[in-house]
Amino acid sequence: MKELFPIKQVMGFIFSLVLTAVALAVYFFDMSFTAGMTILLVTAFIQAGLQLVMFMHAGESEDKAHIYTNVYYGIFIAIVTILGTLLTMVWGYV
Amino acid sequence: MEFFERFAIPHPSPAIYASMVAIGLTVIAIIAGLTYFKKWGYLWREWLTTVDHKRIGIMYLISALLMLFRGGADAIMMRAQLSMPENKLLDAQHYNEIFTTHGVVMIMFMAMPFIMALMNFVVPLQIGARDVAFPRLNALSFWLFFMGAMLFNISFVIGGSPDAGWTSYFPLAGTEFSESVGTNYYMIALQIAGIGTLATGINFMTTILKMRAPGMTLMKMPMFTWSAFITNIIIVFAFPVLTVALAMGTLDRLFASNFFTTNNGGMDMLWANLFWVWGHPEVYILVLPAFGIYSEIISTFARRNLYGYKSMVASMVIISLLSFLVWVHHFFTMGQGAFVNSIFSITTMAIAVPTGVKIFNWLFTLWKGKIVITTPMLYSLLFIPLFTIGGVTGVMLGMSAADYQYHNTMFLVAHFHLVIIPGVVFAMLAGLTYYWPKMFGFMLNERLGKLSAWIISISTLVAFIPMFFSGLDGQARRMYTYSEQAGFTMWNMISFVGAAGLAIGFALIVYNIYYSIRYAPRDIGSDPWDARSLEWATHSPVPEYNFAIVPNVDSTEAFWDAKKKGHKLFKGELEKIHMPNNSPIPFIMSSIFFVWGFSFVFAMWIPLIIATIGIFGCMAYQSFEKDHGRYISVEEIKETEEKLGGPTV
């Protein structure tokens, strides 16, 4: 019985509920924009990672290497695009 | 009557009315012809509902050629207008509309489907697969592209063409300065076609990763398949940016949001930024498959294996990363500081290194090769010097300080045409000639083919080299006329002659197709070029299941090994083959998408809602449909193989 119980998935599910609750706190508690945004960004990325790895089984098939390469590539491009845009449009704009 | 007033053209001319009549007559002629020859059933069964990657490839090809002539007609009109000072052929508004549609049609609806055509046709054959990973999604991709293209093309007779340039920069493209529905067409047609392209990207990534023949590791894939793989990765990561930017632009235009406006916290330059975040990778989406085609052709007709396979692959991987790091070089003059411009200048220079590696690999492949000059090879050889002119001037433009002189002049126009025409168009024409016998079972005439290659190459130089000079003299792009005192007359007249030459060259290609259909011999076998990779190991034309027995691969040139080194390509016995069924869903869903887009353009909300429900209805139907495909029996395979002339190797 113990082997059949999906303890990992249940823990993951509880953890994702906790993350959702923490994100919701931003709405209910009075805090600065920066603090709220930081909480939202951090919980959002942990949540996305959790969903991808645990519930979408990213690391469980023989395509593990392909999937993670794609994910890292995507993260790299997203970061470059966002930081590059900020650099061009805000920080480096004279 | 009031309802119909919105469909009127805001800026009509006799030419547009003539086009309306011509379009009407063509539609009637097509319908009458199909009815008279009783071809409706054939069209529906064999083409509109097909999921066969080869037929989808051919449909992409036909669309690309049609759009080439539409974009070409735009180009001729522009060059004719500019050939003389103070010319009255077109007025400012028409000129704006024509350069806009020329750009969009040539990039999105000519170059893109052309590479899609070759990828669709060639990649599954090169990797020894029976079809792509998701055949029905592939059909949906094509029909979404096709409906997007048609939606864009009717703009000039219903409601007015877009006129804010193919880059459609805000605030010019906003409702304040572009009141007509033209820019709505731009936003929504590109959105629909873009969804199709994104689906193709996912489809081909999966196909190449999961459906290769036994023994074909990633490093044993032919170079065109590698280039297609890298291209599709770039598509998957770049196109979502366009999707989002277009959605934001649509919201701005139709729902009065403020993403790209100049007030209320909007940022008009953000459009330019997002457009080029997609736009620069798009350049590599176009040129990498072209490089793949050149690699195949050069190695085939130098009769040598490709020099530096690993460095070819590495350079493409590096290009795919660097292509996302250079986009700001499209707007060095926008106002960001020297620090930012320097960063993007350096990344721009860096991308010349992997490109240079590829050029040298081709040259080393030619070195000591036994070169056979055929039409595809002639295009590939002419590509190298012409592309170098475009590339070197690109490095000039990439220096951000110097770019302040060149920005928005004809110098830039000359540069990107001399990159795209040799880089993409020559490759596509070479690929068309090279794969024609595989697609249709006969070859295009070599003499006419070589003649058109020369005419097109020389005309490209005549048309675009003068623009370097007039651009340095200060002729701005997108200017509809100029005075005689400006001194641009001679350069523009030479340019017009070149454009006319290009028209003759392309007309000659059409004549060549007609001539070859009538007179070319049909008994050319399955390998007329003495080629090296798997697509030539099956019959021409290719049977629907591609290979009777799945080939067995142990090098990058499996077919060459089979011919020359006694490698056994087809091991084992015939077995029944599992194939996907045809489906009308992609065509129907895309047609509803056309209605959806058209309603969206004119902000007709009720048809829009109905069409949206229709789209979701199609998806729901598709989800619950139980279709397990069908089997082709061994007897049927034997019969087909017998008819096509028995084993090929």
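From the backbone N, Cα and C atoms, a Cβ is placed for every residue, glycine too.
Residues or ranges marked as transmembrane segment in TrEMBL: A:12-29, A:35-59, A:71-93.
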Same-chain Cβ contacts of the transmembrane segment (A:71-93) under 8 Å, 6 or more residues past its ends?
52, 58
In the same chain, which residue numbers or ranges, 6 or more beyond the ends of the transmembrane segment (A:12-29), come under 8 angstroms Cβ to Cβ?
36, 39-40, 43-44, 46-47, 50-51, 54-55
Quickly jot the same-chain residues contacting the transmembrane segment (A:35-59) by Cβ under 8 Å, restricted to those at least six beyond its ends, or write none.
8-9, 12, 15-16, 19-20, 22-23, 25-26, 67-68, 71
